[in-house]
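Written out below as structure tokens is the structure these notes cover.
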Amino acid sequence: MAYRRFSLFPESPTLRDMFSKRAIRYHWRDNGPVFCAAIAIICIAIWLIELLLSIVSPSALNALVNFGAIQPMLAVSRPWTFITSMFLHQPTSILHILFNMLTLWSVGPMLERLMGHWPFLALYMLSGIGGGMGMMLWGALAPGQAGWFTAAYGASGALFGLFAAVLIVYRRVGADITSMLVWMVINFLMPVVVRNVAWQAHVGGFLVGALFTWLLVSGLHALRGKSLAYRSAVYGAAVFVLMVVVILLCDLGNPIGWMLRLF
């Protein structure tokens, strides 16, 4: 009799099968959630590192968060934080990472299958950077100077860009968007009931995701016959340049920006 190892989930694939080269190639060809899964894995892995550091070395955790979180006052002199901030989450609470990853998995796989891998990744990253742009806009437009000193991190800006994409696509094909609108309203109202939520990043990510998706589905008439990957590259580059311009214009009002440029 052949020996069979006991498993609580005998019909489920093993981790080795799920992440084998063959499985990844299959999901890539099938437009499966390759990048969506990779983003989730990276976010969870970094959160576990943060959690470990919060226990064994709080000073190292502070250094990691200070390095990766975006703070409008310092963002232009530390441009990597527009990227790194979207992969950090609150280490002292599981709700932040749990809610964001559930949200990612509720809309991400469908969008990646519909758009393709690279356009989906462009949407996610541009929306995440758009979240940082939203923080910069708030620093420049808010009364006083408090907005410049507010640090933020999390995937919410990128996720709100995915929400915007779903709304535009659903509207385009005539699907019922009522449930998505309810979900959107709940997320936009979260800062009212939950403290320390960077709603500025939500708005920035939503607007950038909406702009990028609208360009993909409507866009310039001359590009409508091009492939989705080509349009994603062209429109993605245009949206990125637009965000850089907006961020630099906002930084002109940075209360300590002249010091950073001087030294």
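The backbone N, Cα and C atoms fix where each Cβ goes, glycine too.
What TrEMBL says about a protein is an automatic prediction, not a curated fact.
Annotation comment: TrEMBL describes 78-217 as domain 'Peptidase S54 rhomboid'. Sorting the domain 'Peptidase S54 rhomboid' (78-217) by DSSP state (H, G, I as helix; E, B as strand; all else coil) yields 111 helix, 1 strand, 28 coil.
The transmembrane segment annotation in TrEMBL covers 34-56 (among others).
Here the transmembrane segment (87-108) has long-range neighbours at 33, 36, 39-40, 42-44, 46-47, 50-51, 53-54, 61, 64-65, 68-69, 120, 124, 153-156, 159, 162-163, 166, 187, meaning same-chain residues at least 6 beyond its ends whose C-beta is under 8 angstroms from one of its own. Among the features that TrEMBL reports, transmembrane segment is placed at 87-108 (among others).
Per TrEMBL, transmembrane segment is recorded for 120-141 (among others). Counting same-chain residues at least six beyond the ends of the transmembrane segment (120-141), those with a Cβ under 8 angstroms from any Cβ of the stretch are 35-36, 39, 70, 72-73, 75, 81-83, 85-86, 108, 111-112, 147-148, 150, 152, 155-162, 164-165, 198, 200-209, 212-213, 232-233, 236, 239-240, 243, 246-247, 249-254.
Among the features that TrEMBL reports, transmembrane segment is placed at 147-170 (among others).
According to TrEMBL, the transmembrane segment annotation covers 177-197 (among others).
Taken from TrEMBL, the feature transmembrane segment covers 203-223 (among others).
The transmembrane segment annotation in TrEMBL covers 235-260 (among others). Sequence-distant contacts of the transmembrane segment (235-260) (same chain, at least 6 residues past either end, Cβ-Cβ under 8 Å): 72-77, 122, 126, 129-130, 132-133, 136-137, 139-140, 145, 148, 208, 211-212, 215-216, 219.
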